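Per TrEMBL, these features apply:
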type	residues	note
BINDING	25, 27, 67, 252, 254, 256, 294, 296	Ca(2+) 1 binding site
BINDING	297	Ca(2+) 2 binding site
């Protein structure tokens, strides 16, 4: 369930004019920008961008970039893009930040096969390279193998499960972890090719047969980048809402909020399942997510995030 609150009747031309007015003169009218963009879905935002371009011969995204600053600018910029464009930008930023692989894994493992394909096309159009080409150029060895495998996967999306296969592949994964052969080619093959339904059956079989989850067994091992990528992939495939709740919890609990993580989760999930993530957050932390965000952020950035969370200041 989405948290975004969207009005029924929207005039894209009126919205475009109001946004242009908000960006005119000496000071930007941030409240007007939030009141419009904080209540429009992806299809509506696209129409507003088109109307703005036709009316003013100017790119709305670039105009907003030049008018806004800081975390507020970053959040609005990511929100106003088409979802696939946003993910392409997030992936590119993560690739250039060496070692920031969790964002790549999220995109590869949370999106459906079709959605991932659309992101890869958007990446082509924006950067004139393929996502896997840039990823391969900035990684080496086993990390490169697993990440390129994840972003190029086109997983089967059906619910069918092969129980015998789940049993045998749960044993393969367990043996690899027991032997500390985390980079075994079979581990990479299983995680990068099997359907999500098949993998979840395998992970459940692993827990039933061996008395602990695969993520816990990986956590018990000394941490390194490769094992972190494996754990992130498994958590995103197994229960991405639980994964995102923990990202939010860590972002807010850090000394100095992790605004990048906070923005990413709220902006990418507000039109999808942020309500469920909010419920999980409350159960885990005994405080409402919007309350935690309000206490940890300020100004226009805070107001914008609260609008996406379905709460006004």
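Positions of Cβ are set from backbone N, Cα and C atoms, glycine also.
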Rounded Cα separation (Å) that holds between residue 25 (Ca(2+) 1 binding site) and the residue listed as 'Ca(2+) 2 binding site': 27
CB contacts for residue 252 (Ca(2+) 1 binding site) [other CB atoms within 10 A, all chains]: 20
Rounded Cα separation (Å) that holds between residue 27 (Ca(2+) 1 binding site) and residue 297 (Ca(2+) 2 binding site): 22
Whole-number Å value for how far the residue listed as 'Ca(2+) 2 binding site' lies from residue 252 (Ca(2+) 1 binding site) (Cα to Cα): 9
Residues satisfying Cβ distance under 8 Å from residue 254 (Ca(2+) 1 binding site), sequence separation of at least 6: none
Sequence-distant neighbours of residue 297 (Ca(2+) 2 binding site) in its chain (C-beta under 8 A, six or more apart): 71, 257, 259, 262, 305
Other CB atoms, at most 10 A from the CB of residue 27 (Ca(2+) 1 binding site): 9
